[in-house]
Structures are given as C-alpha cells and as structure tokens.
C-alpha cells in the first residue's frame, strides 16, 4: 500500500468553469431506488440523530440512517415513517436477537427501504451471515454493510449481497479505536477510501475523518457515493446531546458509538466523549454544505457531482492549512 494520504494532504485542481453561478450545479445523488439532495448522511450515532431529525431529513429529501441503540423502538419507527410516505432507514447489529428482529419484520410485512449493518469491524463472518439473512427475509431492503477498511472486505461483503459498503475504521473524531487497538484507517482514511473504491462494484459510503465541507468533495473524488459525517453534525440546536454552558459559551455533548457513555458501562470502550461548540440550526449547516458542494462542482468544471470524480489532484503532505486552525 504505497502513496498513503489523508484529507488534509490533498488539494483538488480546478478545471475550466462552465456555469455562470454555482446555483446551476446539482448536488443530488442516487442511492438504491431513491434520489437525495446531498451525498451526505449524518452518522447513525445517538448524539447525532433521533426520530425528530430523521423525520426532518426524510421530509426534506436528505438521506438518513437511524441509530440502533434503542432497538425496541425500531418497529414503531418504521411504521411511523412509512405511514407518512417517508423512507425508513434503520441500523442493525449482528447479535442473535437481531436475526429474530429481521424475521419479525418479514412476518409483519414491514420492509425498511434501507438497513445498515453497523459494527466496528465489519469484515467478519458475523456481518456476512447477517447480510445473507436480511437478503433472504427482506429481499427488497437496500443493505449497507460495514465498517471495513480493505478492498478484500469490500469484495466479500458485496459478494455476500451487500448493496453498499461503509468504509472507515476509527478515523472519527470521537473514535479512539486507533489508540486503543493500533488498527484502522485513522490518518489515511482518504487513501483507504480510494483503495476500497477501486475494488468496489457497488456504492461506497465514506465514514469518518471529515473535518471540513471540502472533505466531502475529496471523498467523492476518491470514489464515495455517500459521505457519513459525525462531528460536523454534532452540536446543533436539534441535536440529541445535552447542552451545557461554559464561560458564557454553549456546548453540546458528542460521544462515540462504542463509548462508555453510550453503553452505560466501561467495557470494550472504543469511543470517547467531547463537548462541541453549539452550531445553531441543522438546516443552516445543510444549506451551507450544499452551497459549498455546488462551488466544488463549479471548480471541477461541471454541473453535476460526477464531474468531481475526474479532476486532477496533488498530494501536499499536511501543509494545506499551514498551521492555521480552520474551525
């Protein structure tokens, strides 16, 4: 694996602009049978998404994935979303009761449009078996499987029946897998994405390590169809986390999915908790992301997201911020 780099090591090179205004650029993306306004999905984490935000996103044509940390609420959630004519997109784990849950959905003729199998180390027989189980009982559901960090894993999960794979092991801001285990794609997530995308025949969701809106464009350049983002979506008015005031400033909590705060216990901890500055409304962030991505498309010399996939780039080894703190 030569040529290892991460988001801050790369600059995309502009191509001749063909639009008069960035508003002519189209940021929509298709995943499965549905088209979404942005190639971005808030992380399926407890401090990022809840039922209210899921509903808001679905109503406004953004992709979402509900977290799996209140498993007993999932059936009513699917019913509720579908009764409003919205997509139902849920997460499952790989434990025994999740197999029963999938069978229960089939028995009740409930088919979520999207099911994400979401475990920290997704290149495993446990995930392969779950993909096959879902495909057997709910063949119409679009299955996203992860998380993985190698081309072998992408190929195996696709061959097992996954409709998309989620790439990223530990690059997230509240993820400490890299520190606790020594493993993962932290520090080279963008190169890992590129490596995996070359092997993929189905969509890839880049998950983790996004620190700026420009990183979304870079992810698209290196093969992502969709980009999952945690920290940039944390700390909004609507976010589920707790709000605290410190030195006259407002902050919201944000913690990792395998953290003791989420589990309620100190066992197999691979996540930490932090407080992020209160960011105002989620809608404003989504609009800003869309506008920034429209600008990216115009710099790429096109009118659609795909134009970003063919631009040239340079590797600048950690120098693009010149020591400036951006956010």
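Counting starts with 1 at the first residue shown.
Yeah, the Cβs are placed from backbone N, Cα and C, and that goes for glycine too.
What Swiss-Prot lists as active site, thioimidate intermediate is 175.
Packing around residue 216 (NADP(+) binding site) is summarised by its Cβ count: 27 other Cβ atoms lie within 10 angstroms of its Cβ, all protein chains included. In the three-state DSSP classification, residue 216 (NADP(+) binding site) falls within a helix. Residues or ranges marked as NADP(+) binding site by Swiss-Prot on the basis of sequence analysis: 204-227.
DSSP gives residue 225 (NADP(+) binding site) a coil state; it is part of no helix or strand. Residue 210 (NADP(+) binding site) falls outside any helix or strand according to DSSP and counts as coil. For residue 213 (NADP(+) binding site), the Cβ neighbour count at a 10 Å cut-off comes to 19, with all displayed protein chains included. Rounded to a whole value, the Cα-Cα separation of residue 225 (NADP(+) binding site) and residue 175 (active site, thioimidate intermediate) is 23 Å. Closest to residue 175 (active site, thioimidate intermediate) in space, going by CA atoms and restricting to the binding-site residues 204, 210, 213, 219, is 210.
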